[in-house]
């Protein structure tokens, strides 16, 4: 037997009605606006913000495994020479420009948006909470785990003053009086105290996240306006802080050349200290900074201690030797006369490789190229042949070169590495026995080149310093926000959030009965001790958990 309400006879339920019309059953459709709200709620949740922060760290990892154009463009070029096919694939995936890639920027912007949407509402809520008074005393304090009850001989007013003094300034408090009626019908006034401390814990949490947003903002700003350049300077030479004077130069999207600080930097001297077993101990570049007004400022640049001027920093990143060589051609004309940097090969003894190019020799018809090695402290075989270097300091330096004649390839407009010699269109000069000519020179020595090609003189051996010049006005702001984030983190981890309530009522025989309870947010092993500390000035032992 079935029952159907009279008022509903012939009426279909909504699901049945939709099914009869051929519609789908279920909840109402969200629509475009509903979906956008749902996506925004997900994006601005703390869970998603933490996931994006972790994702940002993950997508930044390729920058540690592949050379970056903004840091070492020469390493990227070398990667192309060694593995051209792989390099093209990596470049298409922006793995040589990780920190300016679209996918890194997308994660960065999503994290920024998520943090803003997550933190701003909490900030307003916390500001309202800071202005609010402590919560009222709960009706039943007996249900709290940390509670105490005691009797004292003072009056309720005296007891209240004692408890307020014990709470001190660390607790914000409010007091009140409740009117209650006993079982016998007698009205009694109960004094109440509600106290709270630790709002700085939440403030620290918000400060940490706001500082994190600040770090993201100033980091993005610094990347937009920064510039960074690398330059190699030989002793006695000067470079100008201008884009064209750098060996490699990288800038942000909002870089303005007019913002570059006008100065010149001269490398006066470079000194190094090594142990007896060739371990490096110290490197010092003595420089003179020349201002447009003619003022000179002498400073030393050492590792991890850059020269600082306003927001520009000059770092010492490398060093080596630059043999000063003079080359004359067969007509007696000077075809080349300047220091040439030889790069250390990576051993402890500064064995260095380099090339010398004289494109103007013989009016450019027979260009000269030299490729060889510099041995700062030569080791010779019993026959007097150079075998290697025994120490990184230039105690007995020797320059060993081979000679090539032909077209250096400098006139076809193709860029070349200054530390390698393109011998595609050149012939190696050989001796009468068919062996390659080997030129061995010490400082001050001159050798005649075979076949009347000219002469080469090893004048002296100055040092060079590799400098990294960085301009980033956001560094100071990043330090401030990093400090604020640290303070906020410490506050959110170590400031306890506690609430204490007390009821003070008249007791029998002129005594006063105090019932107190405490509550903490999260696990707080010191909560019992804190309640005992507050009640101790009343002069009686507490009765725990009555």
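Along the chain as shown, residues are numbered 1 onward.
The backbone N, Cα and C atoms fix where each Cβ goes, glycine too.
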Of the residue ranges 454-474, 475-495, 496-516, the one that TrEMBL records as transmembrane segment: 475-495
TrEMBL annotation of transmembrane segment - which of the ranges 10-28, 29-47, 48-66 it falls on: 48-66
TrEMBL annotation of transmembrane segment - which of the ranges 103-121, 122-140 it falls on: 103-121
Stated TrEMBL location of transmembrane segment, expressed as one of 168-186, 187-205, 206-224: 206-224
Mean per-residue pLDDT computed across the domain 'ResB-like' (46-532): 88
